[in-house]
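Written below as C-alpha cells is the structure these notes are about.
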C-alpha cells in the first residue's frame with residue numbers, strides 16, 4: 001500500500017471521505033495491514049531504542065498503546081500502564097502519554113474525518129503506522145496547547161522511529177494542512193447541518209458513531225440537547241472512584257488518607273482526580289477497591305430492597321471482575337449473610353477470588369444460567385444480582401475505544417444472554433426474595449426491553465419494585481420509576497441501569 005509524498009485536496013463539497021467514519025461501529029483499521037506478533041515486538045524494540053537515543057517517551061508510549069488498541073483489540077486501561085512500566089515512563093511524561101492515548105481514542109471519529117479530508121483519502125487506505133501517527137499528531141494540533149511545529153515535527157520523528165522514513169513526507173504534509181485550521185473551522189466545514197441532520201452533526205462533532213448517538217437520544221426521550229451533554233461528558237476524563245469497604249473503611253477517613261473527596265451519593269464512594277489507585281495502601285490491603293459510584297449504587301439498591309423472611313443467602317450471578325461482589329460481600333459480612341459469586345470465565349473468577357479475599361464469599365466458576373444444578377439450587381437464594389454482560393455503552397468515558405468496536409449487530413446475542421440470565425435469576429431466588437438486574441448500558445433494548453421480555457418468560461410470577469427509594473435520599477433526576485437510569489452528565493456516574501424484581505408466591 002503506497003503513501004503519496006503529498007496529501008490530496010478536499011472535495012469540492014468540503015466533505016472529505018472521512019465524514020462517514022462515525023457511522024461505523026468499529027475501527028479495526030485495515031486488518032490486512034495488522035502487523036504479525038514478531039513485527040509488533042520489533043516496533044516495541046525500535047521504540048525502546050528511540051527513547052534511549054533521546055526520543056520523546058510520552059509520544060512513543062502513546063503510539064504503542066494506540067497501535068495495540070486499534071490492531072490487537074487491547075484495552076487502553078490495561079495496556080497503557082504495562083507499556084509505561086516497560087518503557088520506564090513516569091511522572092509528567094506518563095501523564096502526557098495518558099492524555100495523548102485517551103484523547104486520541106475519544107476523538108478518533110472526528111480526527112479521522114479531518115485527517116481523511118486533509119489527505120484526500122479514507123483513513124482505512126492509509127498504512128496503519130502512518131494512520132495512528134496522524135491521529136496522534138492531529139489530536140495535538142486540534143485539542144492541546146502543543147505548538148504546531150512541535151506536534152508536526154515530533155510526529156514525523158515518531159513515524160521514522162517506528163516505520164522508517166518512507167511515509168514521513170506524507171505525514172508532514174497532511175499534518176501541516178490539518179494545522180492550518182482550528183478545530184471549530186474544520187467542524188464547520190465537515191459536519192452535517194445540525195438542522196437537517198442533527199444526529200450526523202453530533203456524531204462528527206462529539207466523536208461517537210451515529211448508531212450510538214441515536215440510541216442515547218432514544219433513551220433520553222429524544223432530547224438532543226441533553227444527548228449532546230451526555231456525549232460531551234463521554235469525552236471528558238472521568239475521576240477515579242474508590243469504594244471504602246463497609247466495616248473496613250470509612251469514606252471520609254479514606255478521602256483524607258488518599259487526598260480525595262467523599263462521593264456525592266454512595267456513602268462508600270471517594271473521588272480521586274487521577275493517579276494509580278492500585279498503588280494506594282488502602283487498595284493493596286483490601287480496605288478499598290476501585291469501583292464507579294454508579295456501580296456501588298446498583299449493589300446498594302439490591303442490598304437495601306426489602307425481602308420477606310430470611311436474608312442470609314445472596315447470589316451474584318455474573319460476578320467478574322469482582323467490584324460489586326466485593327461490596328456485597330462486605331455488606332453480607334455485616335449482616336451475617338454469605339454471598340455466592342458465580343463467574344463463567346476462569347480468569348475472571350480468579351479476579352473475583354482476589355477481590356473478595358477475607359469476605360464471606362464463595363466463588364463458583366460456572367455458567368449463571370445453570371440454576372438447578374450443583375451449587376445453584378432453584379429457589380435457594382434471598383437476593384440475586386444479575387450484572388449482565390452488555391454493550392458497555394454506559395462507560396464510554398472510561399473505555400473510549402469501545403465506541404469504535406461495538407456495532408448494532410452485537411446487541412441481539414447480548415440481549416438474548418441478558419434475558420436468559422434474568423430468567424435464571426428469578427428461578428434462583430426464593431418467593432419473597434429480590435432480584436437486581438443491572439447493566440452498564442442505557443440502550444433501551446438492553447434495559448427496559450430485556451426486563452420486560454425476561455419477566456414475560458419467567459416460570460414464576462414477579463413484580464417490578466420501585467428502585468428509586470433504594471437510592472440515597474435527595475438524589476436528583478431519577479425519573480418516574482420503577483426502574484432507574486443513571487447518567488454521567490446528570491449524576492457523574494457511569495450510565496448504570498437498575499431494575500428490582502420480587503418473586504411472588
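Glycine too: its Cβ is placed from the backbone N, Cα and C atoms.
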Let me know which member of 311, 336, 367 TrEMBL also records as binding S-adenosyl-L-methionine at the site of 318, 319, 320, 321, 322, 323, 324, 343, 387.
367
Long-range Cβ environment of residue 322 (S-adenosyl-L-methionine binding site), under 8 Å and at least 6 residues apart:
289, 341, 351, 352, 353, 354, 355, 356
For the recorded positions 318, 440, the one whose C-beta sees the most other C-beta atoms within 10 angstroms
440
Pairwise over 318, 319, 320, 321, 322, 323, 324, 343, 367, 387, annotated as binding S-adenosyl-L-methionine, what's the top Cα to Cα distance to the nearest Å?
19
May I ask for the distance between residue 320 (S-adenosyl-L-methionine binding site) and residue 440 (active site, nucleophile), taken between their Cα atoms and rounded to an integer number of Å?
14
Could you tell me the C-alpha distance between residue 318 (S-adenosyl-L-methionine binding site) and residue 440 (active site, nucleophile) in angstrom, no decimals?
13
Same-chain residues at least 6 apart in sequence with Cβ under 8 Å of the Cβ of residue 367 (S-adenosyl-L-methionine binding site), in sequence order, are 344
Work out how many Å separate residue 324 (S-adenosyl-L-methionine binding site) and residue 440 (active site, nucleophile) at their Cα atoms, rounded off.
12
